[in-house]
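Below is one structure, written out as structure tokens, with a few remarks after it.
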Amino acid sequence: MQLSPSEISGLIKQRIEKFDNSVELKSEGTIVSVADGIVTIYGLNDVVAGEMIKLPGDVYGLALNLNTDSVGAVVLGDYEHIKEGDKAYCTGRILEVPVGEALLGRVVDALGNPIDGKGEVATDLTSPIEKIAPGVIWRKSVDQALQTGIKSIDSMVPIGRGQRELIIGDRQIGKTAIAVDTIINQKGTGVKCIYVAIGQKASTIANIVRQLEEHGAMEHTIIVAATASDSAALQYIAPYAGCSMGEYFRDRGQDALIVYDDLTKQAWAYRQISLLLRRPPGREAYPGDVFYLHSRLLERAARVNEEYVEKFTNGEVKGKTGSLTALPIIETQAGDISAFVPTNVISITDGQIFLETDLFNSGLRPAINPGNSVSRVGGAAQTKIIKKLGGGIRLALAQYRELEAFSQFASDLDEATRAQLNRGQRVTELLKQKQFSTLSVALMALSLYAADNGYLDNLEVSEVIPFESALHALAETKYSDVIAEINETGKYDADIADKLKIIVEDCKANQAW
């Protein structure tokens, strides 16, 4: 087919009219050094703090140091193929991770990539890892209980939805066990859980996944793993990634719980990155902004009001509040809670659960020290029946600890003192609880009622746990209607007190233990 000259000129005119002459500007830099996961780039003039930088080999870096003529970035992945003279490009994006319901039941790395061998995560939703925490005007006071199922916590150091409660203690003392039990206890409550493992062995994380699967808790849990073999950069960003996944549920009027295990290792990773970036070291060689590292993370855990949820969802969800409860874990060295990072996190959080090595070694597990443990806002959220019955437990323990030290020097004690010591020993024994044996509100109330009203006083210390087991078994079989009523309402009145009395006296009469 031949075209006439007029047709050719017409075609050329059409092409010229359709020609798009827009220019795409790309900020390009040159890598001048690469070492220990840190790259220094010259020429990236348009980069912003926290921006993702495209590096060779489909790897990204995170811009942390913005100098006059260079940029210091930390590599998010393998950097062995990167060499001096390679090109780096601005992306104009900040780091985002996948979020949504599809992540439940999955194990992902700090960037949200699945590492459990179950295929891709079926979600298109993403969220930036760094977000500004909700302002004061959008927050609601904590007034709903988050039951851990652990007697000593729910009765003495209660946790509310939207609270930040620190778990602090030495290594190998049961910190993770408390967090895992709390996650297991959320089964059937609608609370979504995120467990962030920072700097742990891969075998330890695999063991936690197995425990959660065995107890049917993986269905409502996301695990974010930055293992000990991962780079310091991934260990540093893992808590922020997990927090964004939890905020997805909070902002849509749901309740979520996040465990950071543990923030000491995140602080170590951040210290390593900061020193490699040649930032000036301060106390214990930590950088000057290590407080901000944890405060900007933990302030994102909050209870938000109905207006916030409605505004965020563009009116799709109305009349619902959302919450993100945080359980950060801090590992101390030889019980030193006055070190830099522990004091920082204690001052940021709404209370702490302090675990002691001596208590753990003496067989009291969970090894919670009620003297140093406190919940600053949880009391308002505590279930009414546990609040009423748990007050006597704390008092009995406080009196017991005071008298115990005194009684070592006194040869003969009066009857009242002996009775207080007697009750304190039995209450201490009652608060022992095995891992994976969380209790419902009703069964916990039953145990506390028995201790509060002196039903344990004439038992041998060794009989307390068998008596409690028999009491719970009797209540669940013979008095299941009472148990269901207490679990549903959580109220405490004269009628409930009478019903509890009947159950305890029935058990005492049977002597089934």
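A Cβ is built for glycine as well, from the same backbone N, Cα and C atoms used for every other residue.
In the three-state DSSP assignment, the secondary structure recorded for Asp170 (ATP binding site) is coil. Around the Cβ of Asp170 (ATP binding site), the same chain contributes Glu331, Thr332, Gln333, Ala334, Gly335, Leu355, Thr357, each under 8 angstroms and 6 or more positions distant in sequence. Residues annotated as ATP binding site in Swiss-Prot, with sequence analysis given as evidence: Gly169, Asp170, Arg171, Gln172, Ile173, Gly174, Lys175, Thr176.
Cβ neighbours of Ser373 (site 'Required for activity') (same chain, under 8 Å, six or more residues apart in sequence): Met156, Val157, Gly351, Gln352, Ile353, Phe354. The annotation site 'Required for activity' is assigned in Swiss-Prot to Ser373 on the grounds of sequence analysis.
According to DSSP, Lys175 (ATP binding site) is assigned to a helical segment. Shown in sequence order, Glu331, Leu355, Phe360 are the same-chain residues outside Gly169, Asp170, Arg171, Gln172, Ile173, Gly174, Lys175, Thr176 whose Cβ sits within 8 Å of the Cβ centre of the ATP site. Ranked by Cβ neighbours within 10 A across all protein chains shown, the binding-site residues Gln172, Thr176 are led by Thr176. Sequence-distant neighbours of Ile173 (ATP binding site) (same chain, 6+ residues apart, CB-CB distance under 8 A): Leu355, Glu356, Thr357, Phe360, Ala367.
Ranking the binding-site residues Arg171, Lys175 by how many other Cβ atoms lie within 10 angstroms of each Cβ puts Arg171 at the bottom.
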